[in-house]
Amino acid sequence: MTRIYPPSVVAKFGGTSVADFDAMNRSASIVLADHDVRLVVLSASAGVTNLLVELSEGLETHQQLDKLETLRAIQYNIISRLKQPSVISTEIDNLLNNIRHLAQTATISPSDALSDELVSHGELMSSLLFTEVLRERHAEAGWFDARSVMRTNSNFGCAEPELSTLHHQVETHLLPRLEQAIMVTQGFIGRDAAGHTTTLGRGGSDYTATLLGEALHAARVDIWTDVAGIYTTDPRIAPRAKRIDHISFSEASNMAAYGAKVLHPATLLPAMRKSIPVFVGSSKDIAAGGTLVHNTTDNPPRYRALAVRRKQTLLRLHSLDTQPSCSFLAQVFTILSHHAVTVDLVTTSENCIALALDATHATSGEDHVLTTALFTALSSHCRVEVETGLALVTLVGNQLTQATGVCKDVFAWLEEHTVRMICHGASNDNLCILLPADAADSAVKTLHYRLFE
Ligand code: ADP
Ligand code: ASP
Ligand code: MG
C-alpha cells in the first residue's frame, strides 16, 4: 500500500498563487514553512490557461502573435527575477516554441486532443519555474511530470482518471522520488492510454491534488487560493459572505458540484474515500486562517451556503408521440448516456422532459456537450428546444426537505425573477433554481441577505 512516511501533506497552489514571481515566492514560503509538505501541485499562472484555450481555438495571425507575446511576458517576468535565469530559460523557450507550433496547427485543424496538448503547457511552465524558485531558496526540490502517473480516459477537455492505474503508477514512479526531495508537479493534466495529453476540466488542479493525496494516503491536502477559505457564498458576489471554519465533506462537495468555484466539483471525492481532511486558505494571507473540510461537523445548520453555476443550458424535449409513453424517458436517457452527457437536474411533464446541462467545466466549452450527433439522435424521438444564457442558483443545506416554509420564503424573496426551472426533493440537502444568467447575482445577494446576514 502506497504511503508517504511520515504521513505528509499535499499542497496545491492555484493560478493567483503562482501568478508572478512575488506570488511564487510567497507560495514557496508556505511550502518551506511546513516540513510535512512533500508534494506540491500547481496550476498555470493566472490568465495563462485562458490564453492557451483561445490559441487552441485557432486565431488570426495578428491575434495569435499578441497572445504569444503576452504568454512570453508572463514567463519572462518570473524568469527575470531569478538569480540564475539561464538555468531554466532554455526549457521555457522550448515550451513557448511548442505553443507557437501547436497554435499554428490549431488554425488549420483544431481538435480537442490538440487543445489539451496546448493547454497543458501552462502547468508545465509554472511547475518548472516554481521548482527553480524553491531551489534558489536552497530547498531539495524536483520537477515531476504528472502525466507519468495520471492515466485518464480519452475524453479530452474533461478526462476521467483511471484510479487503479494512477495508484500503481504513483507507487512506482512518484513515491520513491518523494523520499528524496519535495516534488513539484502539475495539476489538471494527464495522459490517455495512447500517450495523448488530456485535461481534467477547468479548475482541475484541485482534483489532481486530492487524487494524488488519496494515492499517497496523505495526512492532509491544502488548497491555497486567493480567498481565505470557503464562504457562505462567493464573496465577490456578496461581500458580507462569512467564512465557514469547519464544513463536512458532503456539504462542501455539494457546494462544489453546484458551482462554488473555490473547489473543482470532483475535488472532495478522493478525500472522502480516504477521510483526508482538506484545508482551504489564502496564499496571500496565511494568518487569516481558512476552512477545514472533514468528515462531520457538529450541529450542521439548516442553511449552509449559496452556490451559483453559470453557462447553464435548458433542453426541453417534447415527445413526438401524442400519447404519454413510459419508454420516452428511457429512450432519452439512453441517448444522453451514449453521448456522455451528464444530467443532474431534470423535471418532467406528461410529454416533455426538461434538463439543465452544465458546460462549465469542459476545457472546450458548451459545444463539447451539445454536439450535432446528440441533436440528430434526439430528434428521432422528440422536438428539441434549447435555451441558453441561464444560471443555476443553489441553496445548500441540511435536511431542507424536512423544513417547512423554505420554498415559500425563497420564492417570495425571488418574486421579481423569472424562474425557469426548480429542483427540490431528489436531494435532502439542496434547492436548485434555474434563472436567466443576468439575474443570478441579484438572486444570490437577496437570498444571502435573507438567510445569512
Ligand atoms: P484558484 O485559481 O486558486 O484555483 P479559483 O478562482 O478557482 O482559484 O477559486 C477561488 C475563487 O472562488 C474565489 O476568488 C471566489 O471568488 C470563488 N468562490 C466561489 N464560491 C466561493 C465560496 N463559496 N467561498 C469562497 N470562494 C468562492
Ligand atoms: N489551469 C487550469 C484552469 O485554469 C486548471 C486549474 O487552474 O485548476 O482551469
Ligand atoms: Mg480553481
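The backbone N, Cα and C atoms fix where each Cβ goes, glycine too.
Nobody curates TrEMBL annotations by hand; they come from automatic prediction.
Database features (TrEMBL):
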type	residues	note
DOMAIN	9-281	domain 'Aspartate/glutamate/uridylate kinase'
BINDING	K12, F13, G14, G15, T225, D226, Y231, R236, K261, V262	ATP binding site
BINDING	T49, E123	substrate binding site
DOMAIN	393-449	domain 'Aspartokinase ACT'
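According to DSSP, T49 (substrate binding site) is assigned to a helical segment.
DSSP classifies T225 (ATP binding site) as strand under the three-state reduction. Neighbour density for K12 (ATP binding site): within 10 A of its CB lie 28 other CB atoms from the protein chains shown. With respect to ligand 1, the binding-site residues G14, E123, T225, Y231, K261 contribute G14, T225, Y231, K261 as residues with a C-beta closer than 6 angstroms to one of its atoms, given in sequence order. Within the set of binding-site residues K12, G14, T49, E123, Y231, G14 have a CB atom less than 6 Å from some atom of ligand 3.
Overall, the recorded ATP-binding residues K12, F13, G14, G15, T225, D226, Y231, R236, K261, V262 cover a maximum inter-Cα distance of 22 Å. Taking a Cβ distance under 6 Å to any atom of ligand 2 as the criterion, the binding-site residues K12, T49, Y231, K261 reduce to T49. In terms of DSSP helix, strand and coil, the domain 'Aspartokinase ACT' (393-449) has 24 helix, 16 strand, 17 coil. Per-residue pLDDT, averaged across the domain 'Aspartate/glutamate/uridylate kinase' (9-281), gives 97.
Same-chain residues at least 6 positions away in sequence with a Cβ under 8 Å from that of T49 (substrate binding site) are, in sequence order, G15, S43, V119, G122, F188, R202. Secondary structure at G14 (ATP binding site), as computed by DSSP, is coil.
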